[in-house]
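Q: To start, I am sharing the structure in question, which I have written as structure tokens.
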Amino acid sequence: MDSEALRKYSALHPKPAGLTLQYGTAGFRTKAEQLDHIMFRMGLLAVLRSKAVTATIGIMVTASHNPEEDNGVKLVDPLGEMLHPSWEEYATQLANAEEQELQKVITEICQKAAVNLHKDASVFIGRDTRPSSKKLSQSVIDGVQVLGGQYHDYGLVTTPQLHYMVCCQNTQGQYGKATLEGYYEKLSKAFMELIKQSHCSGESQRHLKIDCANGIGALKLSEMKPYFPQEVLIHIYNDGTKEKLNHLCGADFVKVHQKPPGGLDMKPNERCCSFDGDADRIVYYYKDTAGHFHLIDGDKIATLISIFLKELLAKVKQSFKMAVVQTAYANGNSTRYLQETLKVPVHCVKTGVKHLHHKAQEFDVGVYFEANGHGTVLFSKAAETKIRQLVKEEKDDEKREAAKMLENMIDLINQTVGDAVSDMLVIEAILALKGLTVQQWDALYTDLPNRLLKVQVADRRVIDTTDAERRALTPPGLQEKIDALVKKYKLSRAFVRPSGTEDVVRIYAEADTQENADALAHEVSLAVFHLAGGKGAPPQP
């Protein structure tokens, strides 16, 4: 390690005095002007991680659905998954080290993680469309170069595209070609093969309006348009030429406010969807003839995909284990529908993509989506091998046809991470193959009315939860109080959990009517305020 070069470059990316940041589920995320030193240091960390695992590591510069003035950075592990939890700790240590301790902290990480500094290192870098992203990704490059790492800068890409590239590179091309063309070709080919198998296409032309949150999704969808078949007509809105990123638009805005984004005019029964700022989440929606807005969130997306996969798995007659993974935020009626009507096992895990992804890996076919629209499907190596074998060798026409559809689904789905572009194509293909309208999809089940609230507290750590965050262990008496409140309403449940990033407790409640869901959420928020050290005035109904 060239300590002179490290000192020189580190001084060019100084850490603001007194600033400490935590590497969380979304990596580091804050105001863009506070991130220069973080980017440089994550460049350093990516080189160390790459040397430790002898593989290419990804770095994505994005703050996803946050406002345009924020930015952030996430590291991507070798198979396109999120950074290993033990390294999240190293990221936090390195980010918060004072200038003069930097070399010492690097040496400590090398010892703890058995990093051989003489090994080669390779880093893939991508960024979103924020005004601050180009300069910040240059700081990443400085960090990579100081420790002698090789890098490939993909420039403007969606977050899932970078995850995809890293996985392709580290599987020696087995997962696909590590280029944007490779990504577009693989997805569009699988999509066209699937659409070809649709005997009753219903509508010959499929129109879809897409709100791209004024972000990277618009650029990449435009690049991908020439790869789509004629029948698919996508109309891009909020393409970033006029308005600010994520401002009054995008998947997060639509899901939280339960209303259509600005910049997109909806006619009754038109199929519309929204990506978030870095295109790793998607939600669908439409307006009915009476003008009512209907949101189709991650739970309903997971349900549609599960119905389709379950039918195909039944046709190939293999004993594959399939399951859906949800968090406590999943609507109670989606869980009921999956378990009781579809007879698919459902598992609940803690909030956060890494928990869902990890659990989904336990099955031959693991479907996971957060209600916010982030999700994908994972296929076990054994299931994938068997399906590809059936396509080649199966004599029975119906079985072979079903296996072929499954094979195309495997190729269309980005298994590394939730991917709005890939998920959109999966949904469009399923709707076409099943001849379903957006209204019929929505009518599979009716969401229970629900309400999300948050309460400011002095210290979020006073709340500790268990049972995948569905029950509170501390403070004493809180869970008993929630249980008593829930008993007052029909079809109701409620839970509280501390935020991962701020001193806030999040409350979720659902019940048979909106009025009851609102009342229950309010009563639970009062209980949290009084028992968990609420700040300021008590919550008002």
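Just so you know, glycine gets a Cβ as well, placed from its N, Cα and C.
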Q: Taking 332-359, 388-415 as the choices, which stretch does TrEMBL tie to coiled coil?
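A: The range carrying the coiled coil annotation in TrEMBL is 388-415.
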Q: With Cβ distances under 8 Å as the criterion, find the stretch in 52-100, 104-166, 297-435 that has the most pairs with the domain 'Phosphoacetylglucosamine mutase AMG1' (178-283).
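A: If we count Cβ pairs closer than 8 Å to the domain 'Phosphoacetylglucosamine mutase AMG1' (178-283), 297-435 scores highest.
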Q: State the Cα to Cα distance, in Å, between SER64 (Mg(2+) binding site) and ASN372 (substrate binding site), rounded to an integer.
A: 13
Q: Against which stretches of its own chain does the coiled coil (388-415) lie, if we need a Cβ under 8 Å and a gap of at least six residues from its ends?
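A: Same-chain contacts beyond the flanks: 80, 160, 163-164, 186-187, 189-191, 193-194, 197, 308-309, 312-313, 315-318, 376-379, 422-423, 425-426, 429, 433.
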Q: If you count other CB atoms within 10 A of each CB, which of ASP280, GLU370 wins among these binding-site residues?
A: ASP280
Q: Near PRO498 (substrate binding site), which residues of its own chain have a C-beta under 8 A away, given they sit six or more steps off in sequence?
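A: The answer is ARG460, ARG461, ILE463, THR465, VAL504, VAL505, ARG506.
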